[in-house]
Structure formats: C-alpha cells, structure tokens
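Taken from TrEMBL, the feature active site, proton donor applies to GLU228, GLU525. The annotation active site is assigned in TrEMBL to ASP372, GLU566. What TrEMBL records for CYS468-CYS511 is disulfide bond. Marked as Ca(2+) binding site by TrEMBL: THR653.
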Amino acid sequence: MSKSLPYSMKDVHYDNAKFRQRSFVKVNVSYLILRVITQSLLTSNTKHDCISCSTGKFLALLMIFGMAYLMFTHKSAPHSVTQGQAEGINKEVKGISDSSGRFERFWRKPPRLPPQLPPDEKGSIDNIPHELQKLNTGSKWLDRQQRVKKAFIHAWSGYKMYAMGYDELMPLSQRGVDGLGGLGATVVDALDTALIMGAEEVVSEAGLWIETQLSDRISKKGQVNLFETTIRVLGGLLSAYHLSGGEQGTNLTHKGPKPTVYLDTARDLADRLLLAFTSSPTSIPFSDVVLHDPSAHRAPDGLSSTAEVSTVQLEFNYLSSISGDPRYSIEAMKVLEHIKDLPKVEGLVPIYISPDSGEFSGENIRLGSRGDSYYEYLVKVWLQQGRNRDGNFTYLYDMYEEAMRGVRHLLVQKSIPNGLVFVGELPYGPKGSFSPKMDHLVHGAFSRLVRKSCVVNARPDAPIILVCFLPGTLALGATKGLTKEKAMKKNLLKFEDLENLKLAEDLAKTCFEMYSVTSTGLAPEIAYFHTKEYSEQGLDGGNKNSKFVNDIIIKHADRHNLLRPETVESLFVLYRITEDPKYQEWGWQIFEAFEKYTKVDSGGYSSLDDVTVVPPHRRDKMETFFLGETLKYFYLLFGDRSIIPLDKYVFNTEAHPLPIQGS
C-alpha cells in the first residue's frame, strides 16, 4: 500500500471485517418494512383492529422483528449510493421521523469514526503540508541563489571587459589596477567561485588566462606579500585544482585546462614563496618576497604580523599532500610549533612578532587586523588534519580552546542601551585599560588584514572592535563542521562548546545589526559602540527605525564600505551548523542592499564612500574578495547544504575550500 494513502492495509482489513456496510437493497427493504409498520401504527382504527384479530397479532410480531432487525443491522448508506437515491431515502425517512421521533431516537447510533492511523503512517500524512512548504521554500532559495550567480557574472563581465589580467577593477573609470603584485588576483580569486556555481564560461576564460599568462607573470614580477599571495593566488590555484578533478577532487565542470595546470603553477609560485621561511634566522618568516630574483625581505619596521605568519599553513599543507613534497608543510608548520611555546595572555597573543628574535613584539592584543586569522587557522589547520585528538596536531585545538576562553573572559562586553555583544581589545596588554585602539591600515599588503574586522576602533577611550569573522570560527570550532543537531546526538558538544556557539550567535546578531542600522543597509568599515565609559551624539547610521540606532556610533571618516565578506561568511557557517533560516534571511537583506547601491550598470560593483546617506557616493573600486569570498558565501548560504560540506572541507581565509584529510 502506498504511503500516500490515508491508512495502511491493516486498517483496510480491519474496516472490512468490523465496519462492512450493508447493500443498498437490504437497506431499502428495511425502510419499506418500517414504513408499512409505522403507517399501520399511526392509524388509530387500524391499531385497534389489529390488536383484536389474528392479523393484528401477526403485524405486531412483524413490527417487533422488523425493529430488532433495524436496530442490529442498520448502517449508513454505502459510498456507492447515488445522490438521487440518497435523497429518495431521506424523504422516506423524514416522513416517518417527523411523526415518530421517539423511534428514530431509539434506533439511531452515533456515526462511525474513520479508522485511526498508526503513528508512523499518520506522521507522513500530517507532514504533507510541511513537505509542500519545504518545496516552496527550497524553490525560493534556489531562485535567490541564481540571483547571486547573475551578480557574479555581472561582476566578472565588468572585470573581463575593462581589467582582464589586472589585480582589480575600477568599475566607474572602467580600467584595471595592480595593487597586489600584478598576478591577476581577481582571475585566480574568482575561479573556484565560478567552479562552484557552474559558471562554465567564466571557468573557461579564467582557466585559459592562468594557463597562458600566470606562469610568465610569476617569473617576471617583483615584490609581493607572502600572506596576501598565499591566501589569494596559491589558495585559489589549489582549490581550483581540487574542484576541477585533481587528486580525487570534485569535478564540478569540464571547462578549463587540465587540473595539473593549476598544480604546476601553484608549485612554481610556492617554491619562490618558500624563501620567506628559509631566509629567516628563526621559524618566523619574512613578510615579503621578490619573485623574479627570487629573494625574501623583512617589512620596513623589521616585524611580521602574527596573523600573516600563521595564516599560510592550510595552503602549504595541502600542497605537500598533493605534490608529495613535504617541504611546504614542514616550513609552514614550524611557525605554529614555535608560537606554541611562546608566552601568552590566557591564550591571546600580541599582534606583532619578530622574525629575527622569534619573540612577540609589544603588548597590543586584539582579534582585529594583524591578529585575527591566527585564531581562525588554529582550529582550521587542526580540522584539516582530520581532527585526530590523539595525533600530532592536538596542540592546535588546545591553543584554540585556551584562546577562546581568554576572549570570553577578557574581551567580551555589551553595548548600551540594548546589549549588543561585541569583542574589544587590550592595546596595552592585560594590565592596561579595556579601551581598544586600531590603526587604519587599508592600503597595500595590509588591506586584507584590516577588512577581517568588520567593526573597529580608532581612539583609546572608545570601544570597540567587533570582529565579524569570529562567529563563523566559533561555530566551526564548537561542532567541528557538523550540524548542531548531529553533534548533540553524538554527544560531541561539551559545555564550553555550547558557550562558544552561543557567543557566535550573539556576535552574528551584532554584525548583522551593523548593516541594518544604516540608511543603505550596508555596514560601515569602522564603528563604535555606546558603553558606560563612551558615548557620542549625532553619529548614528541613519536608519531611525532600527532598535539599535543608539547603540552604534559611526564617525564621518569611517562610513565607507568595501564589499567585505566576513559577516556573510559567518552567516553561512552558522546556517550550516544551526540550520536556522534567519541567517539566510539576514544574508538576503544584505545581498539586496549590495544589488541596490553598489551595482554598476556597465559591469562590476563598486565600494561606497558613505553608507549612512542615500544615494551613497561610489568609491570606484571592486576588491578581488567580492568575487572570491562575498558572492561565494552568498551562493552557498542560499543553496544546498551538501555542496562543500563543512565536515569535509575547510575554507582558507580567502574562502578557497580545501579538502579535509581522509574526508
């Protein structure tokens, strides 16, 4: 019996045995007998005569047997009775019941209830409206996902038309610019997004450029930043290698060159980048490499940022895995092994480190620029290595857990009047005041580091820095990429994991409100929070309808938006883990704001100067991460959760997915 039927086969058999309906003929005969008897009784003369003669006795007996027959055998008319037949019977019965209601009340029985369904089959019927709703909801998000794909094609078309081969597009002046070493960063950053979306024409165009142009660029270009080049170009090449079918990867498209093209180019680049490690007197690499020499160099002040040196391990580990050459992984992992033994403040570390001494420099502790992705890669590198608690990488997860305890203890506060949760800084170390300061470094090699912090601070007495990559990292560290429901069923969540997951959701709420509080619905680059110690008037985001308009302060110099991905990244991770659709809805609101205010008709999308006014003035810059990260995370947020699952892939800090070992 099909599950779509309203009851099972055993219910049908039971119904046939216990509730078998009488034929129409039998019911008709019963009503005719009843009619004859009752009409006889209703005639007083007839009644008197019947009692006094044998014929009357016979009719009386017949009446008694007829009544008994009806009482024990009468059932409702079968479903096969026609409407006309049913109306005829109803008229006959009505004539009788009007005069002899006492008999009708006597013989009438309550209607039979339909057979009850077993719990398992009943559930499938009750869920039919829910299943239809799920289908409708799924269709809605698939449509929205296609909107994101159209946006990606529009962004790429502008880049291809006006800036192909340059690092970035200037969509208003319709030209390209090199700000990341001249390796065509947008091409490589966008490639795996196109692979995931199935944008085969883009895959073909980007793949052809990499095959014919990139190796020549690598051999001739000058100075590049180790961190930026690793996360964007090396990471993009390695992800494209895997997704296009290399090393048992996921062959998402048949367009583009053979996967070995991406691998060979990645090795050529990585061999030059290795000089940053091997040229240093300690395990801490230099910050820059000259590609055509090749040679490595310190930063002008001699220091490397903690985030830079500790955010290259995913890429170099995977390259060793697929190439069979352990040099890449060995050199990169020396950094984390070295930092493991350095002194920390409840797991938190200063944002500068010296490649000459191997020691931290200064006391400035923050999860914003120059510190952010150190914490991100602690958990992600551990996940990449298979999450083996008994393996050689256990120390990474231990360092991560200690650091998150330090965050909760030392850096988390709430705004007033409405209690938005944010993360602050210790600019003078643990003995200094909790009044974070963050320099504005939005140029050159440090632009990527600054943007990892969605909300920052720029004065000693004004909180706060809010780091919007952190909700995703906290959620990932709590469930290890599994859904919350599955992790709980397997008893994998400790109390501390639940604490971190709650903090992740609270921070994601704050990050979203940074968008909804402005007139454009887009977040500023820098903002402040009202606290008991700090407040300024007349500097709100412009959306007076927002509940949090008095919690958030946005200064005039900080109101720009660079198309950043961090909040969308965290919404994506939290949706995958909690399965709460509110994160999709929040993401859709942000995407619509991008479409409304940053889209350039001739092609591409533009950064904005001021998100608090409508219409906003445009800044004439489309960062590579808009195609490589922001639109990719939107697409995955609105799509099937089985695509790039979080328990089988880790995303590097530029959103390039790399497979987990053994997955």
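We count from 1, first residue shown onward.
A Cβ is built for glycine as well, from the same backbone N, Cα and C atoms used for every other residue.
Note that TrEMBL annotation is computational and uncurated.
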Recorded positions clustered about CYS468 (disulfide bond) [Cα within 10 Å; pool: GLU228, GLU525, GLU566, THR653]: GLU566
ASP372 (active site) and GLU228 (active site, proton donor), Cα-Cα, nearest whole angstrom: 14
The residue listed as 'Ca(2+) binding site' and ASP372 (active site), distance between Cα atoms, whole Å: 10
Shortest C-alpha distance to CYS511 (disulfide bond) - which of the recorded positions GLU525, GLU566, THR653: GLU566
Protein Cβ atoms within 10 Å of CYS511 (disulfide bond), excluding its own: 29
Most Cβ neighbours inside 10 Å, all chains, among the active-site residues GLU228, ASP372, GLU525, GLU566: ASP372
